[in-house]
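Now, the feature entries from Swiss-Prot:
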- 1-21: signal peptide (SIGNAL)
- Cys51-Cys72: disulfide bond (DISULFID)
- Cys58-Cys80: disulfide bond (DISULFID)
- Cys62-Cys82: disulfide bond (DISULFID)
Amino acid sequence: MQFTKLATVLIVSLMGSAAIAAPSVDNAPAVAAEEVAAAPAENLEKRGFGCPLNERECHSHCQSIGRKFGYCGGTLRLTCICGKE
């Protein structure tokens, strides 16, 4: 009985250490915080397209890019969502 418990603990611990030591499959380079901070802030101003206060601006934006309509949705209606039909 003791041997079975000891063998189980040993196998589980070896599997755990092998999983931790295994190399990562996705080694994509990370973006440094300085590069993100240096990016122009002009995109932040355009992100909402009038949402949540001016839904007409969102609608006009969506029509300008070839969509049928636009409305404010998502969390706290902060995202301009464009529809095709």
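Cβ from N, Cα, C; glycine included.
Overlay of Swiss-Prot feature records on the structure.
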{"residue": "Cys51", "record": "disulfide bond", "DSSP (3 states)": "coil"}
{"residue": "Cys58", "record": "disulfide bond", "DSSP (3 states)": "helix"}
{"residue": "Cys72", "record": "disulfide bond", "DSSP (3 states)": "strand"}
{"residue": "Cys80", "record": "disulfide bond", "DSSP (3 states)": "strand"}
(request) Just name the most isolated of the disulfide-bonded residues Cys58, Cys80, Cys82, going by other Cβ atoms within 10 Å of its Cβ. (result) Cys82
(request) Would you mind listing, in sequence order, the residues at least six apart from Cys72 (disulfide bond) in the same chain with a Cβ closer than 8 Å to its Cβ? (result) Gly50, Cys51, Pro52, Glu55, Cys58, Leu78, Thr79, Cys80, Ile81
